[in-house]
Amino acid sequence: MATLIHTLSDHSDDVSYCAFSSSCLATCSLDKTIRVYSLSDFAELPYSPLEGHAYAVHCCCFSPSGRLLASCSTDGSSALWDTRDGRRLAVLPQPGASPVRVCRFSPQGPYLLAGAADGSAVLWNVRSMQLYRSGKVKDGSLMACAFSPDGNCFVTGSSSGDLTIWDDKMRCLYNEKAHDLGVTCCDISSHPVSVSENGFKYFQMASCGQDNHIKLWLILFADFSGVQLKYKCTLNGHSAPVLACAFSCDGQMVVSGSVDKCVIIYETSTGNTLHTLSQHTRYVTTCAFAPRSPLLATGSMDKTVHIWQLDLKQPCAGQCTVENESKVAVEDWSEDDVSAWLCAQDLADFVGLFKMNNIDGKELLNLTKESLANELKIESLGLRSKVLQKIEELRMTMTSVSVPDEFLCPITRELMKDPVIATDGYSYEREAMENWISNRRSSPMTNLPLHSLTLIPNRTLKMAISRWLETQQK
């Protein structure tokens, strides 16, 4: 289920693009502005809107760290903004001053890619603010671009219908006629879906166009043999040109927005339609999944951005929580990653305090009762205990501690904090079960009708979980 939880209506003209960082949402518009919102409450940040472009803003994107925001415009330039205070750090003029239609940060390197209406593609080094490389497609305007997960290659889509793959030296590696009437958007999932005989990984790519189609591709980036692009399937469902597409962070879903005013969410493994959302009243121009929470943003020519909550209970809900990624390296988290983790743990009130004290992943893991009280000045004993409990749970995920199955909520598969017993005889996390029964009257475990919606606190289980946590801390 996808539930509309918030609508942003601050722009005075068509919304052209929206993008997420781990803690913020940015939107841009033909009204020449970029607006930035906090994911904790969708309140607009104090420095928003960002103004400075002379004409319509077509695209915006966050750097991997979330500390930079890029925007590009019909005025023939891209701009870089500091997301901490909204300062404009640089104006990057496109060679030839052609209207810039799309921009993307590389996931690993210090580059910003900007594509323009004259077919030019430019790589900017954002550390030196200097032009690094430039190239040009044979025909048409550049309308779309996406980087490979390692940042060594990127794909562009043009109004002539071509998908072109480039390396970071701006050498053309591959070209494919993909959409007869023009490519409007493309995206590459960061999760590999298969491995070649030589051990190289295939990634999914989605493209959409004026032909009403979304196409899925398998793309292989190999050092010695160049690249391979294999057509996988076509996703149908829209009755008009498709203007936007994007993968969920785990690659299990792809979303699209169309001139038919609809948003469709597909399951990538089967191509099945999971949801069709039709709340926009004009063309849907942009859609994006949040990287750290089960949120989807869609923007439209109706001047609004809708925020959707995806059902966590569905196996393909597209969530990609910080806890799952923490198995890689929590100590390498940035301050923005810590902020996202706080929001995911219902501790959003501490985001400002942690940022003010520059708490990154390494500092987070070193926090103690004493440092929370004496250095961060958290006076409430209850709040200190809550933060420490969350940190301990995070440490346990790092060390792969096996949590007893009876301590896990059957709905969320997470350690229960407030277990309750339902009339089916099973115990659940209170919030998860309350959300469940708000939509249905059946048991999550047996699928049989619940004779009563009463939930009884399971104090015995709660005490057992607390004792187990204490032993793990020792």
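Backbone N, Cα and C atoms are what each Cβ position is placed from, and that goes for glycine too.
TrEMBL entries are annotated by machine, without manual review.
Annotated features in TrEMBL:
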- 333-397: domain 'SAM' (DOMAIN)
- 402-474: domain 'U-box' (DOMAIN)
- 50-91: repeat 'WD' (REPEAT)
- 100-134: repeat 'WD' (REPEAT)
- 146-167: repeat 'WD' (REPEAT)
- 235-276: repeat 'WD' (REPEAT)
- 277-311: repeat 'WD' (REPEAT)
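Sequence-remote contacts of a segment are chain residues at least 6 beyond its ends whose Cβ falls under 8 Å from one of its Cβ atoms, and for the repeat 'WD' (277-311) they are 1-9, 11-23, 25, 27, 29, 39, 42, 243-249, 253, 255-259, 261-265, 317-322, 337, 340-341, 343-344. Mean predicted confidence for the repeat 'WD' (100-134): the pLDDT average there is 93. Beyond the repeat 'WD' (100-134), the same-chain residues lying 6 or more positions past its ends with a Cβ under 8 Å from any Cβ of the stretch are 58-64, 68, 70-74, 76-78, 80, 89-90, 92, 94, 140-147, 149-151, 154, 156, 158, 166, 168-170, 190. In the repeat 'WD' (277-311), helix, strand and coil residues by DSSP number 0 helix, 19 strand, 16 coil. For the domain 'U-box' (402-474), the DSSP-based tally of helix, strand and coil residues reads 28 helix, 12 strand, 33 coil. Across the repeat 'WD' (100-134), the DSSP tally of helix, strand and coil residues reads 0 helix, 23 strand, 12 coil.
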